[in-house]
Amino acid sequence: MAQRFITLILLLCSILLAPHSAQASLFGDNSSFGQKSSQSRFIPVDQAFAFDFRQQGDQLALSWQIHPDYYLYRQQIKIVPNNATFGAFTLPEGIAHRDEFYGEVAIFKQQLTLKIPITQAGERASVSVTYQGCAEAGFCYPPETRVVPLSAITAGSSAVTAPPIAAPATPAPAELPFSPLWALLIGIGIAFTPCVLPMYPLISAIILGREKPHSQRRILLLAIVYVQGMALTYTLLGLVVAAAGLQFQAALQHPYVLIGLSALFVLLALSMFGLYSLQLPSSLQTRLVQWSSSQRGGSLAGVFAMGALAGLICSPCTTAPLSAILLYIAQSGNMLAGGGTLYLYALGMGIPLVIVTLFGNKLLPRSGPWMQYVKEAFGFVILALPVFLLERVLGDVWGLRLWSLLAIAFFGWAFILSLKAHSGWARAFQLLLLAALLIAARPLQDWAFGSPTQQSEIKHLAFKQVADLPQLQAALAQAKGKPVMLDLYADWCVACKEFEKYTFSDEQVQRQLADTVLLQADVTANSAEHAALLKELNVLGLPTILFFDAPGNEIPAARVTGFMNASGFLQHLQNLPR
């Protein structure tokens with residue numbers, strides 16, 4: 001009996017002195033679950049992206065030490081001066097990175113240093129620095145904004161040496177969605193419009209002048225010099241417009257401005273379809289033609305001057321495409337791409353002219369209705385530009401629908417034109433156009449009539465939205481004794497979109513959450529209310545999912561940070577304390 005009593009005492013002591021994890025395994029799963037889930041895998045934003053700054057005279061240095069396995073988005077870095085003026089600066093190119101939902105983006109890893117020349121800084125001047133990044137494990141931080149105080153600098157006391165490529169106070173000029181080489185093809189295509197092609201024999205004769213016959217080498221040289229003069233005018237136009245857009249790049253990214261530019265592009269495209277004509281005032285055109293005619297044909301200087309003036313004489317066929325390209329370059333704010341794009345555009349228009357000057361009219365195709373069709377085709381090219389701009393405002397879903405609408409219009413137009421031909425190959429081409437038309441219409445069909453995929457998405461995304469802490473507290477009070485799940489979401493959070501696409505769409509996850517009140521806080525705007533909500537809930541970043549019991553108290557052990565696939569999330573739900 002005494003031996004049993006001693007054994008019982010020793011067993012009790014071993015339990016009391018055992019490690020906490022052993023006790024958890026004895027007293028149930030809840031403690032073990034809580035210990036595992038409450039430990040965040042992710043570090044605070046100040047440790048993930050250690051930000052520092054230093055001002056030495058008229059030079060401001062901004063630096064970030066980036067923790068391993070974390071990265072900053074290049075496009076999310078914004079520099080906004082207050083009561084100060086900066087010289088030209090640019091961000092490094094960054095590392096190419098592909099996001100499933102955002103496509104190709106540039107990121108920074110390990111370290112980033114940015115040096116900014118200060119041309120002027122008044123009393124109490126400062127600069128707002130905004131940046132945002134993520135962890136490779138599937139966790140994103142809200143945009144961080146730091147205010148850096150600046151020492152006063154007068155405009156005359158600083159000598160600034162600008163980098164070779166200029167950038168605005170909001171750095172990183174936007175990349176053009178097209179390769180500049182497309183401008184070369186567009187220029188060649190414009191050469192075959194009804195306002196341009198018939199003029200080439202006349203221009204060729206003016207270039208050669210009335211002197212004695214030239215050698216083939218001399219003819220080629222004169223034609224190239226004329227094209228280079230025209231290209232110089234276009235290149236200068238591109239640089240001037242890009243520089244102007246550079247000063248207002250932040251304003252040009254505003255949704256209302258993007259919508260206005262899109263409407264302007266549509267109006268330019270309509271002129272290509274013959275609704276109206278766009279060109280320089282006749283008085284100005286007459287004066288430019290007189291200046292051009294006064295130049296001496298056959299001489300290199302005179303031919304170059306004629307080419308430069310010809311770049312300013314816009315015909316109805318070239319005004320709309322040139323205006324569209326200039327507007328888009330201004331919106332991008334990229335001077336290098338702006339000048340290069342316009343140079344290639346002029347070069348494309350000049351290639352057929354060089355051929356005509358060198359070999360004569362025999363290589364030119366016959367004029368006919370097909371030239372008007374070429375002009376109309378470029379109307380569709382111009383219509384692609386507003387779709388690119390509106391995608392930034394409306395999002396990917398509506399962007400896809402706009403592309404679908406544009407493709408339907410183009411293939412329908414091409415099909416109607418093909419009906420005028422009666423050969424065998426034309427029938428095959430018509431079938432291809434009909435097939436393309438049906439494929440292009442698919443996004444609009446899914447939108448109009450719905451699809452099983454869309455219906456399932458609507459089902460699992462049936463969250464009740466809460467915008468701030470009072471709304472959350474009210475929603476918890478109205479839960480009527482049911483458990484509550486709060487999903488913290490933002491558009492800039494890639495892993496949040498992965499949760500939506502891969503985890504919340506799972507049928508087993510949906511069944512497990514059938515008796516749970518689903519709340520969602522969309523903190524995309526990162527407003528003061530959103531920041532207060534995240535601070536109150538002690539949230540480092542997104543995705544973060546919180547669970548509340550029936551009385552409305554959070555279950556700290558159940559919190560989820562970072563992406564979790566459907567099977568892992570389902571197991572997490574099944575292990576929730578009841």
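For all residues, glycine too, the Cβ spot is worked out from N, Cα and C.
Checking C140, C195 against Swiss-Prot, the residue bonded to C134 by a disulphide is C140. In Swiss-Prot, the feature transmembrane segment is placed on 318-338, out of the ranges 318-338, 486-506.
Remark: C496 (disulfide bond) has C140, Y489, A490, L542, P543 as non-local neighbours, by Cβ distance under 8 Å and separation of at least 6 in sequence. Across the range of the domain 'Thioredoxin' (438-578), the DSSP-based residue counts are 66 helix, 23 strand, 52 coil. Contact between the transmembrane segment (370-390) and the transmembrane segment (256-276) is supported by 3 or more Cβ pairs under 8 Å, counting only residues 6 or more apart in sequence. In this structure the alpha carbons, written CA, of C134 (disulfide bond) and C493 (disulfide bond) are 8 Å apart.
Non-local neighbours of the transmembrane segment (219-239) in the same chain are 203-204, 207-208, 298, 300, 303-312, 322, 325-326, 329, 335, 338-343, 345-347, 349-351, 353-354, 357-358; each lies 6+ residues outside the stretch with a CB under 8 Å from one of its CB atoms. Every protein chain shown contributes to the tally, and the Cβ of C140 (disulfide bond) ends up with 22 other Cβ atoms within 10 Å.
Other Cβ atoms within 10 Å of the Cβ of C134 (disulfide bond), summed over all protein chains shown, number 24.
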